[in-house]
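Below are the structure tokens for one structure; questions will follow.
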Amino acid sequence: MWKGVQFWIRPTFRVLRSPTLSAFSSTYFRANRLNCVTFSTSIMGAKGTHRVNTTQRLADLRDLMRKHNVQAFVVPSEDQHSSEYLADCDQRRAFISGFNGSAGCAIVTLNQAYLFTDGRYFLQAGKQLDQNWTLMKQGLPDVPTWQEFLHKNLDPSTRIGVDATLISVSDAENLKKDLEAKKSELVSITTNLVDAVWSDQPARPKNPVVHLDVKYSGRSYTEKFAQLREEMNKKQAKALVVTMLDEVAWLFNLRGSDIDFNPVFFSYAVLTANSALLFIHPKQLTQGAEQFLGNSIEIRPYDSFFEYLRTLPSTLELNESSKILLGDKASLAVAEAIGHGKYIVMRSPITDLKAIKNETELEGFRQCHIRDGAALARYFAWLEEQLNNGVELTESQGADKLEQFRSELDLFRGLSFSTISSTGPNGAIIHYSPDPADCAVIKKEQIYLCDSGGQYLDGTTDVTRTWHFGTPTEQEKRAFTRVLQGHIAIDTAIFPNGTTGHDSWARRPLWQDGLDYRHGTGHGVGHFLNVHEGPHGIGVRIAYNSAAMKAGMTLSNEPGYYADGQYGIRIENIVLVREAKTPNNFGDKGYLGFEHVTLCPIHKKLVDVSLLTADEKKWLNEYHAETWEKVSPLLQNDQRALQWLKRECSTL
């Protein structure tokens, strides 16, 4: 065993991992038999829907606001690395508001409190926020973004407090310009005011960091350095400051576990023409990782990063055309440490390089999804048998069983997010996750939606399937079929190079019935990294317009439909962007298409065959034939799952 033991935890048991990334073993122990550190339970979506009384928390915060002479205080979701998912110590917005969804921003004034979030979380936020809060449903007519709210809705001459490490330099610069007209201002506060009132705030994790072998990553860090330096030369940048955790992990071929479900570690990096610096708590590096990095990487303490930034400009020959490159997610604090006029802000070149997977990574995605498909088949076959036998199972027990099946697979390293195991009305809560202490029993006569994924050394999975183990209604079947048609439309799409990810194809069948959904249709997926990554995606977000699809990108394809208080439907596969062969090549652009790698049956019982075209039927039958061919060899020792897969993959 290594200096520390890596734990990927669900509340009912803990999984111990082997100390190296070249071998896998797992043993289950009851939590009360282990004397070890408990990791956080931050999750992709809602862990239950309990309300927290925030009255005293807000009162304490407002006392500090008065002492600092600010009339508003902004509490974003992100940490100092602009992470989407957080360590427990960084759950400031969840602490102050009681809402623990992954997306949102809180604004507290001296007499009001507002929580801004998007359509994925309207239901969850409505159940979790107490009487102190006003829910701002972003995306609905006449509802401003939190940035717009600051300069449009607050009184003139308002001093707005921010923690400069938690707001991006891009957002800060835009806000400052917008606030000028109302003579309001942003005020950087060195001590986060939420931290000051959070008496039992958890400590920051410092878990072991290991290296990812090139047989999985496909490229060495020296190759990545060389490619990045080429990009830096194009931009006439003397240095690149790396602040995103997944970008640091990708750049150095390192992985950790400081944030649940995301194999990252707290760190920064700086790359110059002839040096590479990694800022990390040195004790986190295992002996193997230290040997892997060698003498070419300069290791410095994590806490020395900002001090280093303040000295960096003087060591470089900067001028008007040659500056320090910051990614657009870098914080205001990073920019302030470097100094005004000494940096340029743009999308990090690592974002684009990381998004395009090499052939080793792409093959890893294919292989891990085959293994993942075997675990899914075992779980759904088991669940169906249990329900048919009258066994009572909660949503959480189902999620635990699925994790158990995944944990038995080669190269498994944990879940990629908290499993969304939801029955009936809970399925309509888009990012629901069951609370083991208080969740619903899976009912045979309700739609069951399961969104889950795994982290493997050779890739990351994210798959959603919707089942009905009893007799679905005609309304449920029609809605499911419309979602399926949208899914097929994306899967079979052919488009020219330069196309960005708008999702009207996926929504068109639903629109025909006057239906829709309040989330994007696809997000980028990391390679044994964060399950959500940019810059590309399929949806209506403005950011997607700046990132064209390119061969080698990985995406989810996940249209859905949610009937509030009744059920949820989603069908999700991971797809790879690949070059497409077309009879013609108009404009010499070249054309692209998708290759699906997720292999799990799509529930035929929920399909209204009369709505499908001949091509859609053909697609479904071919998909099931491929799933059977690739997954069935892994199920020879589980006859229950094998027979289930054979039935579910039969011709429509």
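Using the three backbone atoms N, Cα and C, a Cβ is placed for every residue, glycine included.
Found this in TrEMBL, in case it helps:
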DOMAIN    57-191  domain 'Creatinase N-terminal'
DOMAIN    364-579  domain 'Peptidase M24'
DOMAIN    590-651  domain 'Peptidase M24 C-terminal'
The domain 'Peptidase M24' (364-579): mean pLDDT?
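That stretch averages a pLDDT of 96.
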Report the DSSP secondary-structure composition of the domain 'Creatinase N-terminal' (57-191) as helix, strand and coil residue counts.
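Helix, strand, coil within the domain 'Creatinase N-terminal' (57-191): 49 helix, 28 strand, 58 coil.
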How many of the residues that make up the domain 'Peptidase M24 C-terminal' (590-651) does DSSP mark as helix, as strand and as coil?
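Secondary-structure breakdown of the domain 'Peptidase M24 C-terminal' (590-651): 38 helix, 6 strand, 18 coil.
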